[in-house]
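Here is the structure we will look at.
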2 protein chains.
Amino acid sequence: MSGKGKRAAGAEVAAMNKKKLKGTEEILAKVRRLAERVKAEPEVQKSLAELNLPHACREVVDKDADAVLGEVETAILMVAASILRGEGFTYTLPNRSKGNQLYVPELDRIVLKDSMSHRAFANTATCRKAVITTRILQLVHELCRKRIHVTKRDLFYTDVKLFEDQGNSDAILDDLACMLGCTRSSLHVVASEKGVVVGRLTFREDGDQIDCRRMGVGGKAIPPNIDKVDSIQSDALFILLVEKDAAFMRLAEDRFYNQFPCIIITAKGQPDVATRLFLKKLKQTLRIPVLALVDSDPYGLKILSVYMKGSMNMSYDSSNLTTPDIKWLGVRPSDLDRFNIPQQCRLPMTDEDLKTGRKLLEEEFVKANPEWVKELEIMVTTKVKAEIQALSSFGFQYLSHQYLPLKLQEGDWI
Amino acid sequence: MSGKGKRAAGAEVAAMNKKKLKGTEEILAKVRRLAERVKAEPEVQKSLAELNLPHACREVVDKDADAVLGEVETAILMVAASILRGEGFTYTLPNRSKGNQLYVPELDRIVLKDSMSHRAFANTATCRKAVITTRILQLVHELCRKRIHVTKRDLFYTDVKLFEDQGNSDAILDDLACMLGCTRSSLHVVASEKGVVVGRLTFREDGDQIDCRRMGVGGKAIPPNIDKVDSIQSDALFILLVEKDAAFMRLAEDRFYNQFPCIIITAKGQPDVATRLFLKKLKQTLRIPVLALVDSDPYGLKILSVYMKGSMNMSYDSSNLTTPDIKWLGVRPSDLDRFNIPQQCRLPMTDEDLKTGRKLLEEEFVKANPEWVKELEIMVTTKVKAEIQALSSFGFQYLSHQYLPLKLQEGDWI
């Protein structure tokens with residue numbers, strides 16, 4: 001009967017927690033203070049130039065269609081000039097290899113160092129690449145001129161004969177972004193979307209006025225082309241970043257954002273580029289805190305790391321894709337005992353999980369935050385993980401009626 | 001130079017096709033006739049009862065929360081009566097095994113035959129199942145009482161100790177749907193959503209007025225709980241069902257639905273339950289034709305088959321999930337030559353593809369349509385497949401500006 005005893009104890013803790021809950025305004029006090037602090041922070045998006053790094057580094061920025069058209073035309077004019085000078089048809093591009101990447105702690109981002117490579121047409125080793133580069137420059141020019149967006153796959157299919165493999169056109173597209181100094185989405189080549197958003201947010205998308213407070217339970221699909229999003233407005237105190245679809249649905253159906261003014265976002269698992277761009281844009285425009293609700297396992301933290309510091313592959317684009325300042329609200333390893341999550345809802349970590357967890361302990365973005373280290377150490381020591389849904393063991397609406405309000409009331413984020 | 005010659009020929013065909021295109025009203029003439037025909041069809045959703053089948057069959061229907069509450073209470077009262085009669089604590093449920101499934105050609109759906117099984121508490125073989133059944137009945141009762149929706153995963157986590165494995169709670173949930181005679185979504189247990197919709201459609205979702213004509217490029221996420229959708233209105237002539245995200249984005253950005261009044265839906269690959277329910281509801285309410293745009297490969301057809309006849313696993317729920325009458329607009333194997341798709345965009349079929357293709361030729365829903373058989377035979381004979389994106393080889397907007405308008409103009413669906 002010890003199982004029954006434990007379940008009773010769990011119910012007791014839940015009841016006790018419920019008693020602790022104050023009125024909405026009191027619950028919101030701590031978040032309000034955090035939100036004020038975030039708003040008061042000087043708006044410096046620290047730039048590379050200000051840092052005076054020993055070597056020249058480069059990042060890309062968002063540019064509008066006209067600016068990209070200008071860059072493409074300049075690039076071609078430079079090639080023409082090079083030919084006229086008798087130096088031949090050659091592109092000069094930043095090197096994107098790992099050896100040319102640099103983690104800048106002051107920025108908490110990966111940037112590209114200054115190594116450049118040359119791509120000559122009259123060289124058997126680079127001839128094909130020079131041709132593909134020219135073709136993609138032309139296609140990007142067309143996209144920007146027509147103001148339309150396509151996926152990488154569409155781009156590949158415009159000239160399968162030349163590109164042969166999508167890997168070729170993808171890689172050179174990334175090269176071009178670096179060369180032209182603009183983000184990949186500025187080139188009007190976008191990722192397909194999978195994120196959704198709901199809550200205290202209105203914006204304009206391609207001229208349409210979108211009101212995320214009136215998006216039912218399904219929410220609004222996050223658009224693939226962030227440059228068509230403007231007029232962002234919100235009275236939210238914070239952004240709630242949710243790992244999983246199911247938790248998003250719970251919060252949307254309970255209209256969590258009506259009681260606690262917030263914007264709820266999920267990428268349904270591994271974050272895609274569109275969702276990362278959208279979060280970044282919201283955070284930059286509204287300057288409100290981002291609180292994350294992820295599974296208590298290494299994978300949940302991995303997801304946070306992609307939002308916060310990006311992936312190696314897109315390092316040159318990191319400043320546009322990353323939202324460095326995300327608070328880890330839950331579900332944290334220490335929550336399991338604190339909220340008395342039943343033993344049956346705690347899962348043993350696999351060897352793979354443990355390896356990932358230990359590797360995370362070595363990562364800069366974890367080490368930079370001693371409280372994260374502490375939590376992660378609890379995880380790899382107890383060798384136990386839990387999903388957000390484990391909270392359902394106290395009732396379907398425990399997440400929105402008790403767990404999150406209590407977390408907010410206590411300012412329990414790290 | 002034969003490659004160049006071929007590309008030039010492709011461009012010529014594209015130019016010729018462009019010349020063939022008439023004005024919007026003329027293009028729409030054939031679709032309008034199809035739409036009128038579909039609207040004029042008598043509304044009979046053929047029912048099982050009318051068919052007078054040799055054995056009693058059963059299907060489930062959508063029921064509202066109060067009706068489900070009633071069913072649950074009746075089920076429990078029947079158990080109580082059985083106990084009072086001295087016959088013990090026993091549930092009687094329809095058998096969902098393959099042997100008890102029946103394809104009904106008149107309905108073009110799979111239904112359950114009348115074999116029943118008993119689940120007694122006082123029997124070691126069924127005791128655990130009887131307990132789980134009781135617990136899930138209680139949880140469903142709570143959900144319907146509170147009018148909230150949860151996922152299967154949430155349901156599992158409410159009592160991990162009892163369910164042990166999610167497979168157990170999932171299976172018994174499906175048993176319950178059959179036993180209570182209602183769809184799984186009526187039980188307020190829903191699938192997570194991944195579909196999106198855009199175009200000439202307005203509806204109400206959980207009280208919010210949704211206008212899919214003003215959903216930017218990203219579209220509206222299809223809600224997981226179809227029972228919260230009502231007041232569906234539309235002036236669309238047809239529903240365009242799109243397999244892939246990228247094609248959806250192209251059509252949404254080009255506002256295809258402004259010129260050709262339609263509703264555009266995609267489940268981004270394999271259709272999920274929420275998208276299938278949504279399509280079904282639209283088709284039933286609006287009674288307009290559904291035209292499908294899928295890859296020209298066996299997988300594209302597989303996707304159509306899931307929309308049209310459902311999956312074995314949910315056969316008991318098939319009438320609520322399936323939309324039998326879908327026209328195959330493209331990309332069809334015969335399109336490849338007709339639209340002169342470049343050789344490089346045609347991919348060789350793998351052995352697995354060929355096997356799937358040949359298996360499809362045996363399927364009832366294919367055999368029922370000789371034109372589908374013909375197309376599929378072209379596919380397995382030429383051993384060539386192609387993606388929707390192959391159309392991009394004639395320009396990024398070829399799909400929305402030429403291919404689809406021409407298809408509509410010629411009434412080229414089968």
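Cβ atoms are placed via backbone N, Cα and C, with glycine included.
Remember, predicted model here, so these are calculated numbers, not experimental data.
As recorded in TrEMBL, the features of this protein are as follows:
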type	residues	note
ACT_SITE	B:TYR157	active site, O-(5'-phospho-DNA)-tyrosine intermediate
ACT_SITE	B:TYR157	active site, nucleophile
BINDING	B:GLU243, B:ASP295	Mg(2+) binding site
DOMAIN	B:129-189	domain 'Spo11/DNA topoisomerase VI subunit A N-terminal'
DOMAIN	B:193-230	domain 'Type II DNA topoisomerase VI subunit A all-beta'
DOMAIN	B:238-408	domain 'Topoisomerase 6 subunit A/Spo11 TOPRIM'
| remark: Here the mean pLDDT of the domain 'Type II DNA topoisomerase VI subunit A all-beta' (B:193-230) is 92
| Which of the recorded positions B:TYR157, B:GLU243, B:ASP295 have a Cβ less than 8 Å from any Cβ in chain A? | B:TYR157
| task | Determine how many residues of the domain 'Spo11/DNA topoisomerase VI subunit A N-terminal' (B:129-189) DSSP places in helix, in strand and in coil. | result | 46 helix, 4 strand, 11 coil
| query | So, by DSSP, how many helix, strand and coil residues make up the domain 'Type II DNA topoisomerase VI subunit A all-beta' (B:193-230)? | reply | 6 helix, 16 strand, 16 coil
